[in-house]
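Asks: Can you keep this structure in mind? I'll have questions shortly.
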Amino acid sequence: MELLVKYASPKLTRQTKTREDRGLNMRLPATVGLIFAMILLWIIGALFSAKDEPAGIFALSVGDVIVEHIRPWLYLTSGFYHPHFFQLVFVLPVTFALAKRVEPELGSLNFVRLLVMVNTLSTFLLFVEMFSLYIIFRNPIYLKSSLSGFTGGLTALLVAYMKQSPYATASFLPGLKLRFYPLAATAFFTFCSLIAMSSSSTVLRVVFLGAGPYSFFGGYFGWYYLRFLNRNADQSVGDLSEDFALDVMLPDACGPFVTPVTTFCFNVVKLCGYFKNRSAKAPSTLPVVMDKSDDPIAERRKARAMKALDEKLAKLASTAPPRSNNGLSQLSTIGPDSM
């Protein structure tokens, strides 16, 4: 028996792990799909990118979009693409750790919408920014610079992660509240971008040049989507609570400068009626009892029912046998003399 258990236990362990992996795929389909998509983009980029394109065919470049090449898919791929394998080694574990906590809260569809919106809008704004800088300064570096990376998605996931408990802390950073995680990530990625800008290394520029801009736009658009566009499980839209305002993610010292501006803009837009249906709840599935006091048919039915009930009670009272008074008469004949 011990030998059977010894040789059967590895097989049972493998079967258990297989079932757990299948369960994980069923619970987190968007997370698993995101990881595979990032790996697939790297493989395709490594196979089909030319040697004179160190940033790959999926990175954003003004020249690749409208000048040297016509690549409209860059608006969708740049925010998920990493041209170097060592980038994936660091990015994929962090992405999986965040995504597996965020997807159950948002739902798979909202999770996909969040990342697609964040990366697409961030890429479009970066394209407009770089093209405008080229028109103003006529410097070809703005046409040839390539931007890519999932830093915008990571910052958006941090915003979604801190949304439930912004004033709590995590075990790996106990001294920093969750509401400051997106800001800390943006500051770190911006520092990396500044180093890349001052460096002459092609690898550093390819890896870190777009980290800061993508993180900045990703954090803002992630907050905007969750604040105003995300459809919750109860069919309400967004999260208009004060604990998820924009100034919550900033230091308290920025409150006197940021809070009046954000509050004014929010109230103006709210007065215009843009958010009047944002807190609408899902219709109740319970039947609604309508007031029928004005229904003449119901009133007549009610009157007939009351009349029939009165007639039945009167009939029962008339047919009931009379109560016996023998006991009372006997008691009345018993006087104090007979005792």
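Any Cβ shown, glycine's included, is placed from N, Cα and C.
All annotation found in TrEMBL is predicted automatically rather than curated by experts.
A quick note: this is a predicted structure, and the numbers were derived from the prediction, not measured.
Annotations per TrEMBL:
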type	residues	note
TRANSMEM	28-48	transmembrane segment
TRANSMEM	80-99	transmembrane segment
TRANSMEM	111-135	transmembrane segment
TRANSMEM	141-160	transmembrane segment
TRANSMEM	180-197	transmembrane segment
TRANSMEM	203-226	transmembrane segment
REGION	316-339	region 'Disordered'
COMPBIAS	321-339	compositional bias 'Polar residues'
Asks: Using a Cβ distance cut-off of under 8 Å, indicate which of 28-48, 80-99, 141-160, 180-197, 203-226 has the most pairs with the transmembrane segment (111-135).
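Replies: Maximum Cβ contact count belongs to 203-226.
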Asks: Looking at 80-99, 141-160, 203-226, which one has the highest count of Cβ pairs under 8 angstroms to the transmembrane segment (180-197)?
Replies: 203-226
Asks: Excluding the flanking five residues on each side, which residues at least 6 beyond the ends of the transmembrane segment (203-226) place their CB within less than 8 Å of a CB in that stretch?
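Replies: Residues 54-55, 59-60, 78-79, 83-84, 87, 113-114, 117-119, 121-122, 125-126, 129, 145-160, 163, 182-183, 185-186, 189-197, 238-239, 244, 246, 249 contact the transmembrane segment (203-226) from elsewhere in the chain.
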